[in-house]
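What follows is a set of notes on a single structure, which appears directly below.
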Ligand SMILES: Nc1ncnc2c1ncn2[C@@H]1O[C@H](COP(=O)(O)OP(=O)(O)OP(=O)(O)O)[C@@H](O)[C@H]1O
């Protein structure tokens, strides 16, 4: 308070008891001028050091020109300044990445700070309720820094003392609209500090064609699409279990097929076996020849196949006990990936109670004990409610595609995921815009990441079958 109200103003802050009998006046201590000067100077030096560290190129240019001016006169400095744009252009053409990192993004960040965030900060904070306007004074969260990259602005914020992350997470729509961004994510940087991510464009707006089948046999992470920041989406399948939830037509099939596609060379090398359960008979049946005998569609056959997977798991657990605690895929002990399309057909909608219980028990056993011995489950379903999928929490990694209701987002991704920006219920139902788009929440990271899987078309599946039929034998 004293920092903001120096001297006489603080002296005038007078308050009284309700009956005005007692008057409180703050005691104002006179600070010697030298102390004030030292404080101001130290702040100036700290600010200069910060400026040099944060913006080395922006500082080096005027300083360099100043040195030339001093040593050789203003004419040479002017000529050098005239060369700057062409030097910048050559740098951009020769090494785009370093130019953008050192010049392009910092300049854009400065512009966005001035033209967008600082300009709208006060009204957005006050109207959204994140700042307070008390007795003529604004108490606002501090806008610390803006950083830019190719797709988003990252705004570092110091919260007001006493604010919680949920205060911000509840207002992501206010923030996005207030700063003219399509969406906003909230992440905690450290105590009291947040990073707000405002995307400027959407790299996932266009469908992605199927990715090439990898040259090398690898058990993963499998590249299956792209993340919102433009980086490849690499999904870990070995050593975890993955649950994919999305309404009908959300594009669950593209996650299943992109994963199979990425694992084909490893399947051919004998390092991976994909066991396919296809109770709807509409998805995995298309590439049946890839799975050999490890394909089931009838619920009874599905239950038998799951029991077989449990047997493999238990046999390995017996063999590995006391010798190894994690699994390395080999031709003798390949990684077994159990793929289940529309798992609710087997766990909830299955009229035969005994069969239903058997399947649920097998899935629960695999998801609780399978990953250490190289048996993983990847299951897709439409309805994530607990009545439909009571073992959904046994899947460490989750993907929420387009969902019908906002409450379903947290059911799939865990508490607070929607507040952190996983707006899976806002994904477009138009296939070109929204199919395959989803939010991934990994066991290791609480922040949901927006992604889009590549679309593996029927023609791609036919080509995969033509080239790799029989790999699952
Ligand atoms: N990754 C994708 N990118 C672009 N379009 C896609 C993608 N995935 C699917 N689509 C489009 O959306 C349609 C529906 O996809 P898909 O059948 O995989 O959805 P689904 O979630 O499996 O639905 P259902 O549960 O009804 O089987 C596809 O026919 C295709 O046109």
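From the backbone N, Cα and C atoms, a Cβ is placed for every residue, glycine too.
No curator has checked TrEMBL annotations; they are predicted automatically.
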Of the ranges 33-53, 54-74, the one TrEMBL annotates as transmembrane segment is 33-53
For the transmembrane segment (33-53), what are the same-chain contacts with Cβ under 8 Å, counting residues 6+ beyond its ends?
59
Could you check the binding-site residues 246, 249, 251, 253 and say which one's CB has the most other CB atoms within 10 Å?
246
Just name the winner among 247, 250 (the binding-site residues) by count of other CB atoms within 10 A of its CB.
250
Other residues near the ATP site, CB within 8 A of the CB centroid of 246, 247, 248, 249, 250, 251, 252, 253?
382, 401, 402, 435
Does DSSP give residue 252 (ATP binding site) helix, strand or coil?
helix
Fewest other CB within 10 angstroms, which one of the binding-site residues 248, 252?
248
